[in-house]
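Chemist: Found this in TrEMBL, in case it helps:
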{"type": "TRANSMEM", "residues": "16-38", "note": "transmembrane segment"}
{"type": "DOMAIN", "residues": "31-282", "note": "domain 'G-protein coupled receptors family 1 profile'"}
{"type": "TRANSMEM", "residues": "50-72", "note": "transmembrane segment"}
{"type": "TRANSMEM", "residues": "92-110", "note": "transmembrane segment"}
{"type": "TRANSMEM", "residues": "131-154", "note": "transmembrane segment"}
{"type": "TRANSMEM", "residues": "187-209", "note": "transmembrane segment"}
{"type": "TRANSMEM", "residues": "230-250", "note": "transmembrane segment"}
{"type": "TRANSMEM", "residues": "262-284", "note": "transmembrane segment"}
Amino acid sequence: NYLINNTYFIYKYRRLLFLPFFLSYVLVVVGNSLLLSVIRNTESLHSPMYILVSALAVVDIIVPTAIIPAMLLSFLFDLNEISLTGCLTQMFVTHFFSSVESTILLTMALDRFVAICKPLHYTEIMNSSMFLKVFLFTLIRSGTIMFTLVALAAPLSFCESNVIHHCYCDHMALVSLACDSISKNNAMGLVVIICFVGIDISVIFFSYVKILHVVLGAAAGEDRWKAFHTYGTHLMVMMCFYFVGSITFLSRNLNIPIPVDVNTFLGVMYIVFPASVNPIIYGVRTKEIRNALLKMFKTNINRVSIVKVSTIKI
């Protein structure tokens, strides 16, 4: 069995860290579940953009669930052991769905690009056939790369330390313990960065620059500021997701001297932060979803009021 070592600082203050991480996990699950419920129950939101937002919400529940409950148990009861099979499974789930999130963000950027820059061709381009192609592309790209990542790690010999210096089974945190050559593993780590950062972020950045150019050129005054604030915020959150993910993934590959505590914290924030803020960025701050959410709450309040009145009459 392997020990998930939460590093000195995190281990020392693990009891205090339980509450913020527990609250963060509750926020992630409740926020994304509420977003899914609003979109599912509002017929006007059954459009390509909000289908992508729903997919993002599902991924934002799955990835934290793969690591945070185990972390919380570790903080409270020092349950740090994990088998190699369990470690590889956690690694695959975490990295696979994180890569799926990258593809969703890429598709969302392209959806907004087509809607704003080529509105007359939107229904022609963003149709069910397009979504099927994106789905197959996601399965093939993420599945192939992440399966290879795990397949290269599985046969390695771990003959020295069995302590993983991370809060979960990160690829390089495990691979760095191996006694065998890990040149193939390092190379595969670079492939991940090239595919999901080099390519995806370049397309996303280009799309948002074009979107901002068109919107800022057409809008005026307050509308221009709102457009810049909205799309600028989207881009900043995406950049944070990719930048922090790249640092944690490449730090060991490139021997970047980052303190273990800092690297571990960044690795957890890479998972938790986007999942916490995405329901706000793509949900509450979106007018259509905000209106649907308010309508849903008003409907539920009216139902409760009717039940109370009926009870009083009886």
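Keep in mind that glycine also has a Cβ here, set from the backbone N, Cα and C atoms.
Annotations in TrEMBL come from automatic prediction, not curation.
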Chemist: Averaged across the domain 'G-protein coupled receptors family 1 profile' (31-282), what pLDDT does the model get? Just tell me the whole number, please.
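Modeler: It averages 84.
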Chemist: Who are the long-range neighbours of the transmembrane segment (230-250) in its own chain, taking Cβ under 8 Å and residues 6 or more past its ends?
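Modeler: Counting only partners 6 or more residues beyond its ends, the transmembrane segment (230-250) has Cβ contacts under 8 Å with 98, 101-102, 105, 109, 112, 170-172, 189-190, 192-193, 196-197, 200-201, 204-205, 208, 211-212, 215, 256, 258, 263, 266-267, 269-270, 273-274, 277-278, 281-282, 285.
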Chemist: So which residues does the transmembrane segment (187-209) touch in its own chain, when a touch means Cβ under 8 Å and the partner is 6 or more beyond its ends?
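Modeler: Apart from its flanks, the transmembrane segment (187-209) reaches 95, 99, 102-103, 105-106, 109-110, 112-113, 141, 145, 148-149, 152, 171-172, 231, 234-235, 238-239, 242, 245-246, 249-250, 253.
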Chemist: Sort out the residues at least 6 away from either end of the transmembrane segment (50-72), same chain, that have Cβ-Cβ distances under 8 Å to it, and list them.
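Modeler: Residues packing against the transmembrane segment (50-72) from afar: 4, 6, 18, 21-22, 24-25, 28-29, 32-33, 35-36, 39-40, 79, 82, 90, 93-94, 97-98, 100-101, 104-105, 107-108, 111, 131, 167-168, 268, 271-272, 274-275, 278-279, 282-283, 288-289.
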